[in-house]
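Here is what Swiss-Prot says about this protein:
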- Ser10, Trp11, Arg31, Lys105, Ala138, Arg253, Val277, Glu279: NADPH binding site (BINDING)
- Lys105, Gly134, Ser136, Lys189, Asp242, Ser252, Arg253, Asn254: sn-glycerol 3-phosphate binding site (BINDING)
- Lys189: active site, proton acceptor (ACT_SITE)
Amino acid sequence: MKITVIGAGSWGTALALHFSQHGNRVSLWTRNADQVRQMQEARENKRGLPGFSFPETLEVCADLADALKDSGLVLIVTSVAGLRSSAELLKQYGAGHLPVLAACKGFEQDTGLLTFQVLKEVLPDNKKIGVLSGPSFAQELAKQLPCAVVLASENQEWIEELVPQLNTTVMRLYGSTDVIGVAVGGAVKNVMAIATGLSDGLEYGLNARAALVTRGLAEITRLASAMGAQPKTMMGLAGIGDLILTCTGALSRNRRVGLGLAEGKELHQVLVEIGHVSEGVSTIEEVFNTACKYQIDMPITQTLLQLIRKEMTPQQVVERLMERSARFE
C-alpha cells in the first residue's frame, strides 16, 4: 500500500520509517522546505530523528501532490495545532476522500475538539477517519523494538480491513470503535505526565508517582466516560498503557516538562531545552475547560493549570493534592 505521512517530526518520521520497512511505499511530506531538502540530501531526518537512514521505499516529497498520488492512506502526524490546516490541504489537493488517521494527541485549542472530530469537521463526507494511539516512543519504533498500539474509528468495517494491512511483527495493532475513549486517553495522559515529572523532580518518591498515575487514570476515565467513551477502553493500551509509558519513560517530553518545572525553570525555557512539541502543555487548558463543561472533578489537571499560569509553585501543587479532603476511592 502507498502511505502518505504528513509531518516530519520524530513520530511522523518513525512511522514513515516503520511502514516503509514493512512492505509499504511511503511518501513523507512537511511544510518546511529546508527540512525537506535536508532529508532528501542526507536520506535521514537529522533534525527530528537523527541516526536512522531512510530505505529506498521511503520517498521525501517537496510537493504534496506527489506525496498524495496513488495513496491509499494518509497519516497526519503534525502537532494538534497543525491538524486542521493539514486536513484542509487534503481538500485543497483533491484528496479529502482518502482514508486518514490522526497520529497526534490532544484537544484543539479554542474549539476543544478531539483530533478525529477536527477531521470530521473539515472532511464531513469522508467515512474513513480515525486515530492511531497507544504507548509508543519514536526512538524505540525507529530501532524496530516491539510495541502495540490502537487504530480507532467509528467505521468498524474499515478498521477491520486496515488492522491486518498495517499489522507487523514490530508494531502490533488492535482495533477499536471507541474513538472517543482512545482519543481522550491519548490526550489527557500528556497532562498527567507533567504531574509525575514534577513529583519525580521534587524527589517525592515512587509512592507519590504511583499515586499520581492511579489518580490520573481516574481523572481520565471520569472525563472520557462523561464524553461518551467506554470505561474499559481506559484499561487498555490507549488508556493505562499510554499513561504508564508517558508518566515513567525517560523519553517522555511531557514528563521532562514536569522535571524542568520542578527545578524552578520557566516554562518557555523548559520547552526550548526539550526542542520538541509538548502536547501536554497546550492541552491542559482545554482539558480543564472540557471537564468544567461536563462538571467533572479533575484536581490534578486543575492544579497543573494553576502552575502553568504561575498561580502556584511546584511544591504547592503537590501539597494541594495531598491536602484534599479524605474520601472513599
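Cβ atoms here come from the backbone N, Cα and C positions, even for glycine.
Shown on the structure are the features that Swiss-Prot records.
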residue : record                               : Cβ contacts under 8 Å, 6 or more apart
Arg31   : NADPH binding site                   : none
Gly134  : sn-glycerol 3-phosphate binding site : Cys147, Ala148, Val149, Val150, Tyr174, Gly186, Leu237, Ala238, Gly241, Asp242
Ser136  : sn-glycerol 3-phosphate binding site : Cys147, Val149, Met171, Leu245
Ala138  : NADPH binding site                   : Ser10, Trp11, Thr13, Ala14, Leu49
Lys189  : sn-glycerol 3-phosphate binding site : Lys105, Gly216, Ile220, Gly239, Asp242, Leu243, Thr246, Cys247
Ser252  : sn-glycerol 3-phosphate binding site : Phe137, Ala193, Gly197, Leu245, Thr246
Asn254  : sn-glycerol 3-phosphate binding site : Asn190, Val191, Ala193, Ile194, Gly197, Thr246, Ser278, Glu279, Gly280, Val281
Reduced DSSP assignment, Ser252 (sn-glycerol 3-phosphate binding site): coil
Cβ neighbour count (within 10 Å, all chains shown) around Ser10 (NADPH binding site): 23
Lys105 (NADPH binding site), number of other Cβ atoms within 10 Å: 29
Around the Cβ of Glu279 (NADPH binding site), the count of other Cβ atoms that are within 10 Å: 23
Residues Lys105, Gly134, Ser136, Lys189, Asp242, Ser252, Arg253, Asn254 [recorded sn-glycerol 3-phosphate binders]: greatest CA to CA distance in Å: 15
Cβ neighbour count (within 10 Å, all chains shown) around Trp11 (NADPH binding site): 27
Winner by Cβ contact number (other Cβ atoms within 10 Å) across the binding-site residues Asp242, Arg253: Asp242
